[in-house]
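Asks: Okay, handing you the structure first.
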Amino acid sequence: MNLNYLIAILASGVVAGTPILYASLGEVITERAGILNLGVEGMMLVGAVSAFYVGTFSQNKWLGLLVAIVAGGLMALIHAVITIAFRANQVASGLALTIFGTGLSAYLGRTLVGIPPTSTFKTVPLPGLSQIPIIGKILFNQDLMVYLSVILVIVLWFVFYKTKAGLLLRAAGENPSAVDALGHNIFLVRYAAVIGGGMFAGAGGAYLSLAYSPSWVENMSAGRGWIAVALVIFAVWDPARALLGAWLFGVIASLGLHLQALGVMIPSYFLQMLPYIFTFIVLVITTRETKTRRSGTPAALGIPYSREER
Amino acid sequence: MKLSKKISISTLVFVMILTLLLSGCSQSSKPAATSDQGSSQSAGQKIKVAFVYVGPVGDFGYTYAQDQGRKYLESHMKNVETTYVENIPETADCERTFTDLAQKGYNIIFGTSYGYMDYMKDVSKKFPNVVFEHCSGYKTTANLGTYFNRDYQARYLTGMVAGKYTKSNILGFLAPFGTPEVIRNIDAFTLGAQSVNPKVQVKVVWTNSWNDPATEKTAANSLIDAGADVLAMHVDSPSFAQTAQDRGVLAIGHDSDMSKFAPNSILVGDVSNWGPYFVQVVKEVMNKTWKPTQYFGGIKDGGVIDITPFSSKVDKDFQAIVNAKRQDIIDGKFVPFTGPVYDQNGNLKIKDGDKATDEMLLSINWFVKGVVGSIPKS
């Protein structure tokens, strides 16, 4: 395995990690406000199908991405109303959202199967940066949505830790009654976080159908939404660690396939399992870590907020 | 209380991932094909035909191709009413589905997945007046027949094209699972490629899914990175061909005509067209001449399997060579698996001059010499 092959593995890994990164960032936002949304897979699928539909017929990938973001937000709104207004069980509502999104996307996508895309996100080498040895080929020879995802990580990190809005968001997940008592609208914060999270999931779906493998087939997210949910725990609800986790996951997935192509005689089932084994290990480690350091999990995660029960 | 909630959330995530893993494995069996004889069957004026699919009709692959056949049947026959049920697992669920459709008065029921075999056998005995047709199985009853196509004939021909147009002498093949169907296709493809280019190697990468376009893209990239300059696959989506086009290498299509996804890369492809067979079955049932056979249709049987038109990149002289081979297959002068055929370890599997039997082709579990990769043990 020479250096170029290694670079190829890492570059494919970044691409493989990007849809998961978008979805993870969305779930980080949502959970930071104290709401667990297990509907990521469903929101991604609806995002993917609407992005492909609009992008292909308008021949404008940006319009497709925009509609996917809106569609993801609308899906999340359903979850927000059920869990925030009606204080229903967040796990049940999220699971229902995934089932709903899977079915809805299949229905909407009926006429899209077998249609080639007309406008897709293609590789755009960044002038100058892409010439940097090794790093340039891995990070700066990608499509625009990859660059956008990195910018969003930086923006989110800044918002989370350096702005008042970020403080409010985090407080909503740690101690909603305090936010309420200070006169802030806790419900508004939570609605915004859930809808914002859905928008990111929608963008993750759009990445699949307009950039990663531009086409629509049923169920094309193939479980990536669930991986994104798991990665949030690895990320300890931090955008920068979400990036690390998503890329690591992507690289491991890419490594498994690349080793096969080299004819390495490791059972392919084992190679395919690698990313999931990685997820398990990461879950175990981070669950222990968050317990001992008492950091991470938003204290009010999954608990419906009600003024009467304060 | 809060702690237990946290734990229950993590547990849930674990469970979700487990579910995901399981569901990833559950779609693994598709057709493999073959049988004996039985009796004929009555029919009403308006024939009601039902199809039971293992996957979604939107997979643009296997189930999609079967459903195109259903649509063909509807548009080519009067007095035929069709319906379909998709995503039916190969479990007791399918038995319920078959029973339900038979009770609702469907005259002919097609089951399209290998794993339905025993369930269809049982249900067919309970409804002797209903005709059952099972894709890729090998069990028949008085009213249960089987059907499948000789996919390897088209594979051999597309393999010839791949062997001709590779410069690196490395072909890449994306495969889902190690079923006989998949192995047979890879072997036939390799034999075809070797027939025009003895130096050729076929590298296989397993995606462990019939339908995961994103993983297929990464897999296609891995093959190109490893030196492959013509890609082929036995999964469902055209993702690999788009990747080939983006990276400037060539590709061979499968199942449907994929050239519109990658016009600069696709050289030729195989295509399954089940429609004419469905029409034939319905006509036989209407005329009360239907018998439970083991249909294993080849290129000579009019479209049930064939190759697509060539891209303009394939030069005319070579097109003529491939077409001549196709004609030999139709005329029975040539059979793709003709000895001597060696396996990966150099063992002689088919003796000089011998031809593979249908039984061998339907249960094949070894790669021919020249394939790089190992078959996952299931």
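One-based numbering along the chain as shown.
Each Cβ is built from the backbone N, Cα and C atoms, and glycine gets one as well.
Under the heading transmembrane segment, TrEMBL lists A:6-23, A:35-56, A:62-84, A:91-109, A:144-161, A:187-208, A:220-237, A:244-263, A:269-286.
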Asks: How about the transmembrane segment (A:244-263) and the transmembrane segment (A:144-161): at least 3 CB pairs under 8 Å, pairs 6 or more apart in sequence, or not?
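Replies: No, the transmembrane segment (A:244-263) and the transmembrane segment (A:144-161) are not in contact.
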Asks: Should the transmembrane segment (A:6-23) and the transmembrane segment (A:220-237) be scored as in contact, given a threshold of at least 3 Cβ pairs under 8 Å and pairs 6 or more apart?
Replies: yes
Asks: Taking 3+ C-beta pairs under 8 angstroms (sequence gap of 6 or more) as contact, is the transmembrane segment (A:35-56) in contact with the transmembrane segment (A:91-109)?
Replies: yes
Asks: Are the transmembrane segment (A:144-161) and the transmembrane segment (A:91-109) close enough that 3 or more Cβ pairs fall under 8 Å, when only pairs 6 or more apart in sequence count?
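Replies: Not in contact, no.
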